[in-house]
Amino acid sequence: MKRYRSKKEQDQTILRTATNYLLPVLLLFSVFVLLRGHYLSGGGFVGGLIASIAFVLHSFAYSTKQTLSLFQFSPMALIPAGLALSILSGLLPVLLGLPFMTGVWFADSVAVIGSVGTALFFDIGVYLVVIGVVLTILFTIAENV
Amino acid sequence: MLTLIVLTFALAFITLLMKRFVHSKYVGLITLVPFTLFITFLSYIPKVREGTNVFFKNEWIPSLGISLDLKIDGLSLLFSLLITGIGTLIYLYASSYMRGHVYLHRFFCYLGLFMGAMLGLVLSDNLISLFIFWELTSITSFFLIGFNNENEESRKSALWALSITGLGGFFLLSFGVMMGSITGTYSIQELLGQSEILKNHSAYILLISFLFAAAFTKSAQFPFHFWLPGAMKAPTPVSAYLHSATMVKAGIYLLARFTPVLGGEYEWNTTLQIAGGVTMLYGALHSVFRKDMKSILAYSTVSALGMLVFLLGVGTEKALYAASAFIVVHALYKASLFLITGVVDHSTHTRNINELGGIRHKMPWIAVAGLISALSCAGIPLTFGFIGKELIYEATLHYPLHTIAMILTVTAVVTNVFLTCSGFLVGLKPFFGKLTVRCAEIEKPEAVLWLPPLILAFFSVLFGVLPILADDGFVTALAHAINGKKIDQHLQIWHGVNRALILSGMTIGFGILLYFLFKKFRNPMRLTERFNAISPQNIFTLFVDKFRVFAFIYTRFFQNGYLRVYLMVIVIFVIGLVGYKLFEDVPLHVNTTGLSEFRVYELVVFLIMVVAILFTIRTSSRLTAIAATGVIGYCICLIFVFYGAPDLAMTQFAIDTLTVVLFVFVLFKLPAFLNLSNRAIQFRDAVISIAFGVLISLITLQALVSPADKEISRFYAENAYELAKGKNVVNVILVDFRGFDTLIETIVLSIAAIGVFSLLKYRASDEEISE
């Protein structure tokens, strides 16, 4: 049994080493996709999916438990956080006296990110929800089936 | 005004968080909530007395004609006063009665929510918001009735109450929607002006049937009455509140509210007379056969509600006036009697009147309150009940048709005789006579327990001696609102010796006789038990049981749990329905000339797909099949890329990857692959698949030739940058133009995740327990 495990570890050396580099790159890429969404192809949904794939890759190389230990909290917590962010970004215009979910923008654009507005925060909310949902579903199934 | 209602709801929820306060000795301060409301409503009396209605306009969904407009007229003001006034006493009483209950904070939360819902219900001037508040009262009363939720009977009766009143709510919604579609408005105020149109409309009968179904279920009319006696499982303050002034009166309110709009027709009057008459006789008769104080009160409440429906059915000015007075009479004495019952139950731990007697030595104030309330119930002069009863007899005696007048009067007299008796059974029997063993050792109740019933009894006498106070204060305005125009009637303490007075005397006389007869009766329930088999409750129970059996069979047939069967049913259904529509209505016209040529790389992708499909069907390994479907998915991504949909391609790509991963997670846990399908099944599946594929292809080709409306896509393309500062139209649509859809979709996703999580996690933890 012990030999088998060590062999398995040996088998995964390449994958593990690659994952160690790929995970941050993929996460960065997912944020890039999320941010560029407003002008070019991309967006919160795809970004979230890519980020999830990054974590799934990590769980393949190591184990679900180890991937979960990357998080300070359960990925499920991302769901309410994301939903709250989306809803708050929709509520912000209400405070300014505009209808729910009107797009509101800062006058000046920020370096790298570009112009910042409620739509961006909404998209970040979607991004977080998607990561939360995909990881919750996948890891729950992986652990319990 | 709307702020006040919202505040009531908000405070109720805040109570939930203030556990420490609720369990402290300052809990009585919570009474300030209904009391403040009560004072606010009192301040409207001068305006309403002059006949002016106060409106509060609140927009909600103007495009659908739904508003939160509130109206204070005689009817809504009186109900608001009852809700908050009696509510104040109930709060005060409950703060002592329920002391020490673990979930006291929940109790006050439910009570506050219920009060807010009731206020919204009686103040709403919009049919839809009326319906919403109506449903809220059903739901909150469910929590109140089932408050002792560790008791099975209690849960059961709460469920009955919810089912019956919920059923009524459905009819109320249908009624509201029909009214709206006939008249084009949901505003009750505006409906008043369309009364003639509605009465002559062909759907009039249907309209009033819906209205009656809603009102009768809520106000416990025969044969829907049985949820009310069942609801006696609730803590006594709840019973007192729900059944004297609020919940069950909501149906009466509804009928009264629509009397000026729909009332006065033959069908309206006759139905209400019969339903009310049967209910009041049935309830009154049942009440005297009970020995449990709360049951007696429950059935006498059913009877009183019947009386009110009956009076609204009689419909003459006199009758509407009598109904107005009787609402107040009943609320005062019934709430008082309920509260007394609570005190007696609390100190003696029994509500069986056989075991009770002579308690007046132990709790004199309660005895005084009981006596006065029983007298008011019986209609002895100098109580408000006397005036109410006189008015009822006046109304029935002066019904235009002589023969019917006789029938109505006899019904009313018989009912009142029984009600007199049941009032005495609850209000007198436990307090007078010899002190029984059971009651010898009891302690004096606290002031907050005996004060509320005494205050109510005080008002019964006050209005009885000085009817002008009630008359001038609210009864005239109430009758005005129910009748739709002014009524020239006044409450009088003495009408002179006339037929009504003689009938009153007879009622009291027979009532007292009956009381002495039934007082001695140890177990009169035996007499009614033999009719249980045909009681409405049994019939309903039987119906519900059979319905469950039906539901079980139905579900077993359609929801058999095999994913492949579901999939097959859905696909066949789509083929049938869409295919039929396509061949029936659309001239099939496939135009291949406009299509672009196959390019080399498209051809390659196409060939890869075909090979992957063949692999998927032919392979005997699950992993290969999954991988092959993944290949198909990626190929589709490529096609998206060829035709300029990069966003779609990216998403599809990510989704496909994750789907394959998901399958792989599950795959290893499955048993080895077994080919269970035979030739015939394979053939069937092939036919279905090919038919579906052909259909979709045909639709796609057909869609190409149909002229599509490009208006919407052009709007998005042109305005994406100007309105939403984005250049990627797809993303702008997702996060801005149709952001609301996206928001809802993310919520759906979240629900799916929670669903998967709870299904699998809980199963896992269950297994751990069983191990």
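Keep in mind that glycine also has a Cβ here, set from the backbone N, Cα and C atoms.
Features of the protein shown, as given by TrEMBL:
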| type | residues | note |
| --- | --- | --- |
| DOMAIN | B:61-108 | domain 'NADH-Ubiquinone oxidoreductase (complex I) chain 5 N-terminal' |
| DOMAIN | B:124-415 | domain 'NADH:quinone oxidoreductase/Mrp antiporter transmembrane' |
| DOMAIN | B:607-671 | domain 'MrpA C-terminal/MbhD' |
| DOMAIN | B:683-769 | domain 'MrpA C-terminal/MbhE' |
| TRANSMEM | B:74-94 | transmembrane segment |
| TRANSMEM | B:128-147 | transmembrane segment |
| TRANSMEM | B:159-183 | transmembrane segment |
| TRANSMEM | B:203-228 | transmembrane segment |
| TRANSMEM | B:296-314 | transmembrane segment |
| TRANSMEM | B:399-426 | transmembrane segment |
| TRANSMEM | B:447-470 | transmembrane segment |
| TRANSMEM | B:500-518 | transmembrane segment |
| TRANSMEM | B:624-645 | transmembrane segment |
| TRANSMEM | B:651-674 | transmembrane segment |
| TRANSMEM | B:686-705 | transmembrane segment |
| TRANSMEM | B:742-760 | transmembrane segment |
* Asked: Are there three or more C-beta pairs under 8 angstroms joining the domain 'NADH-Ubiquinone oxidoreductase (complex I) chain 5 N-terminal' (B:61-108) and the domain 'NADH:quinone oxidoreductase/Mrp antiporter transmembrane' (B:124-415), sequence spacing 6 or more?
  -> yes
* Across the whole of the domain 'MrpA C-terminal/MbhE' (B:683-769), what does the mean pLDDT come to? Round it, please. => 80
* To do: Report, as numbers and ranges, every residue of the chain located at least six residues beyond the transmembrane segment (B:447-470) whose Cβ falls under 8 Å of a Cβ in that stretch; write 'none' if there are none.
  => 28, 86, 89-90, 92-93, 95-97, 325, 328-329, 332-333, 335-337, 339-340, 342-343, 346, 363, 365-366, 368-370, 372-373, 376, 381-387, 490-493
* Asked: In the same chain, who gets a Cβ under 8 Å from the transmembrane segment (B:742-760) while lying at least 6 residues past its ends?
  -> 734-735
